[in-house]
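According to TrEMBL:
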ACT_SITE  Cys174  active site, nucleophile
BINDING   Thr34, Glu68, Lys177, Arg242  NAD(+) binding site
BINDING   Phe65, Leu66, Arg67, Glu68, Lys117, Phe162, Leu163, Asn164, Ala165, Thr166, Gly167, Gly171, Lys235  substrate binding site
DOMAIN    228-331  domain 'UDP-glucose/GDP-mannose dehydrogenase C-terminal'
Amino acid sequence: MGDTGAADLTAVMAVAKEVGQNLNGYKIVVTKSTVPVGTNERVEQVIKENAQAGMDFDVVSNPEFLREGAAIEDMRNTNRTVVGTKSARALNMMRELYKGFNAPFVECDLRSAEMIKYASNALLATKISFINEIGQLCERAGANVQVVAEGVGLDKRIGRAFLNATGVGYGGSCFPKDVAALYKTSTDQAYDFKLLRSVMEVNELQKFNFMKKITKAMGENLSGCTIGVLGLAFKNDTDDIRESGAIKMIRMIRGYGAELRVYDPAAMENTKKVFGHDQIYYANDMYDAIKDVDALCIFTEWGNFKLLDLTKTKQLMKGNLIFDARNLLDQKAVESSGFVYIAVGKRTNGYTEDGDIVSTAILKNGR
């Protein structure tokens with residue numbers, strides 16, 4: 001993805017050229033990756049330009065809908081199979097390929113198949129940004145975003161998935177890239193997709209607003225402070241730190257002068273490649289990460305973090321501040337253990353009244 005949000009199709013077109021050069025009979029060329037609308041038509045043209053005259057082939061858009069860490073489960077229990085093509089021959093062969101899967105089979109043109117994938121990811125990202133905005137209102141109005149999300153999600157028209165408020169926003173290799181690419185597609189068509197623009201802004205501001213919680217509790221100058229961090233990957237059950245909100249938060253915390261002790265069950269090596277050891281100690285386990293720290297931040301929703309022994313944590317920490325960007329811990333248990341608890345979208349014993357919210361200007365001007 002470039003600075004403008006446009007998808008980089010260099011590799012896709014290189015493969016298309018190679019396919020064309022090596023065609024030796026009828027083939028179906030299937031694109032599984034998320035690609036902008038119109039890409040498969042370009043793929044078809046590149047193959048045709050590089051193939052021998054008269055060589056027969058068809059292009060199919062068959063986007064995948066797999067989550068990192070759950071690919072096999074999602075493949076076995078897919079909600080739908082999308083196949084876009086202009087060829088009846090290719091369509092029949094794709095039907096045969098997927099006949100063992102008990103899921104709706106969506107037949108469409110190439111461009112609609114490409115758009116389905118982008119629209120799906122953009123809508124999920126929109127749900128995340130929406131519940132994060134609801135969380136901002138909940139804090140100010142005295143409501144609890146977790147309770148609100150549960151009540152809203154029970155409506156079958158809405159669903160509970162992707163309604164977990166988070167102080168670090170969405171990340172990973174898909175949502176940020178795909179939302180930006182879909183917005184770029186809209187501007188290429190001389191249309192300003194205002195909702196998507198807001199989704200992206202909210203996602204970036206969420207991290208700045210969580211950093212504001214930290215500095216309000218600890219001060220603007222964090223030099224001499226040590227902060228423990230649990231969670232580095234963009235989500236649990238993966239070592240992927242691409243566009244991880246945790247990584248962006250670490251950059252901000254270091255910028256305020258703090259030292260960090262960090263731990264993640266899977267993403268330590270990838271994080272070392274990004275930061276090295278400057279201001280960062282890579283802990284052996286989650287308790288090693290909180291030893292003698294002034295505050296603890298939870299950035300990724302790993303299941304074992306929920307099992308944090310609060311008595312042991314209290315003994316190990318120097319300070320008593322816990323910043324829970326995932327609402328992972330039990331509020332009553334944390335507060336009754338003597339911690340000052342600051343979470344997302346709900347009033348806690350660490351909450352301070354503040355009607356201000358970081359504005360979109362910070363995205364241009366910095367902190």
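Using N, Cα and C of the backbone, Cβ positions are placed for all residues, glycine too.
TrEMBL labels come from automatic prediction, so no person has curated them.
Overlay of TrEMBL annotations on the structure.
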residue	record	contacts (Cβ under 8 Å, 6+ apart)
Thr34	NAD(+) binding site	Ala7, Pro63, Lys117, Tyr118, Asn121, Cys174, Lys177, Asp178, Ala181
Arg67	substrate binding site	Asp74
Leu163	substrate binding site	Lys127, Ile128, Ile131, Ala149, Val152, Gly153
Ala165	substrate binding site	Ile131, Asn132, Ile134, Gly135, Val145, Gln146, Ala149, Asn327, Val344, Gly345
Gly167	substrate binding site	Gln206, Lys207, Asn209, Phe210, Lys213, Gly245, Phe299, Phe323, Asp324, Ala325, Arg326, Val344
Lys235	substrate binding site	Glu68, Gly69, Gly171, Gly172, Thr300, Glu301
Arg242	NAD(+) binding site	Gly171, Gly172, Ser173, Phe234
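According to DSSP, Lys177 (NAD(+) binding site) is assigned to a helical segment.
It is Lys177, among the binding-site residues Lys117, Lys177, whose Cβ has the fewest other Cβ atoms within 10 Å in the structure shown. Across the range of the domain 'UDP-glucose/GDP-mannose dehydrogenase C-terminal' (228-331), the DSSP-based residue counts are 35 helix, 19 strand, 50 coil. Cβ neighbours within 10 Å of the residue listed as 'active site, nucleophile', excluding its own Cβ and spanning all shown chains: 21. Taking the mean position of the Cβ atoms of Thr34, Glu68, Lys177, Arg242 as the NAD(+) site, the remaining residues of that chain whose Cβ falls within 8 Å of it are Gly172, Ser173, Cys174, Phe175, Pro176, Asp178, Glu243.
Taking a C-beta cut-off of under 8 angstroms and a sequence separation of 6 or more, Phe65 (substrate binding site) has the following same-chain neighbours: Asp74, Thr78, Asn79, Arg80, Lys117, Ser120.
For the NAD(+) site, whose binding residues are given in the record as Thr34, Glu68, Lys177, Arg242, the maximum C-alpha distance rounds to 16 Å.
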